[in-house]
Structure formats: C-alpha cells, structure tokens
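Heads up: the structure comes next, in structure tokens.
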Amino acid sequence: EKMNSAMSEEPDALSVVNQLRDLAADPLNRRAIVQDQGCLPGLILFLDHPNPQVVHSALLALRYLAECRVNREKMKSELGMMLSLQNVIQKTTTPGETKLLASEVYDILQSSNMSDVDNANEMNYRRRKAQFFLGSTNKRAKTVVLHIDGLDDSSRRNLCEEALLKIKGVISFTFQMAVQRCVVRIRSDLKAEALATAIASTKVMKAQQVVKSESGEEMLVPFQDTPVEVEQNTDLPEYLPEDESPTKEQDKAVSRVGSHPEGAASWLSTAANFLSRSFYW
C-alpha cells in the first residue's frame, strides 16, 4: 500500500533500494534479481540519485549481485552499468568510501571475461585510482567481524546501521542476524575500536570482535571500555524524520529473506513493479 503513495518521493527510493540491497545480501536471491526485467536497470538509475545514501545502498546491492559469477556478464552488458559506475568514481562530490565501493564493483565486472594478465593490470589501475581518491593513508580495506550482544530484531539492526553509517571510513557492512553478527569492511586507517564505540552509543548493544585462533577456532575478544574518538561522516544527508522513515516498513520484508524464499520472491515483484512505474519503462 505504501508503495503506491507518491512514488517520486525520496523516502520511497531509499526504502526500495534498501530492500533490494537486503534481498541481494542473500545468495539465494541473486540470480533472480539479475534476471528480473526491472531491478538491474532500476539499480543503475539509482547510481545517479541525488541522495548519497541511495547511491551507496545501490552499490552495495550491485556488489552482492556481482558475487554470483553467473550474473557478471549480464550485469556488465546492461545498458548504462559501466558508464554509471565510472560517473560515480569520477564525480568530485562522491564520498571516498562510495568511490572505493564503485571501483570494486567496476573491477569485478570489467574483469569478468578478461585474461588473467589484463585482469590484474586493470584491477591494479582501478585500485590505485580508488586509493588516490581516498588519500595516501589508505592501503587497502580490511574486514572486521563483530558479535553484537542485543542485535536481536530489525529495530536494533536499524539502530546499529545508523551508528555505523555515521563513521567516516566504513565502506560496507552485512548483518547475519541469526548469529548476532555484523561483517564490516573499513578503511585500513580506521581502528576497529571505533566501531565498538559507535555500537555502544546505541545504549542497547555491545560489540565484541570475532577472531580466529591459530587452530582455526573462532574466539570473541572484548573491546576496551574506553571510548574512541569517531570521525563523523559529514557527506551523508540528515536522517529522515521518524514519521517518514522507510525503515519502519522494512521489518516484514527483511525478516522473510532466506527463511521464506516465496516471501522474497513476492517482494521482488513488488520492487520491480515500483521501479517500472517510477522510471516509465
């Protein structure tokens, strides 16, 4: 019902792209999304959206979809895909983390049918370009796995998401709700403690780092209780007021992903209908 209300409004665009991102996070949905007539062209158009959060979320969705090798050729040949990714990378107003993510998607698609040598050269060129945009302190992104006590429903997940989005240096994150985990990709110059500080600021959750011992066993390592100074992300727009925030409507769709594939499929068709209506294909 909410989908039908004023489809050109920004809250709907953000809501739709966030839903697509969450659906794409589940490997079981990735082929279906790319085969759908409306979703891929919609995500490409979202790359040119004025709201930086919409662009970043669309890139995360594309990054998930590109994980599936079978999808890559179709994604690469989709009208406007590579050009739109280049535009995001080259635009001076694009936040550094978004540029890095766009470069990563571009690399994966560009190398989908190249020889290994060409592939390596192209990837190195793109990586150097991404580092140039991010500044010399960034050698590469690193991945931190967090176990988050209190991450047990979608409202807590939204709180956690908002806290992480505000940290300068966070590139992307994926939630594994069933095991109360969050996998965060961050710039190498950002301390993992900053993530713990941000999550602790929610007052209802606390993070521990998941690390592997030499024997390969996973261990939980608590962070020190002293808060770390976190540099705020100033590039992102103000969050939407509570009454028009799209996250409230997310509960039903997000909780269905994976556990009930038919729920994901029905939501996918709703998203595709929304996209085809709002972009007039």
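The backbone N, Cα and C atoms fix where each Cβ goes, glycine too.
Feature annotations, reproduced from TrEMBL:
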- 245-254: compositional bias 'Basic and acidic residues' (COMPBIAS)
- 238-259: region 'Disordered' (REGION)
- 38-80: repeat 'ARM' (REPEAT)
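Across the repeat 'ARM' (38-80), the model assigns an average pLDDT of 92.
Counting residue by residue with DSSP, the repeat 'ARM' (38-80) contains 33 helix, 0 strand, 10 coil.
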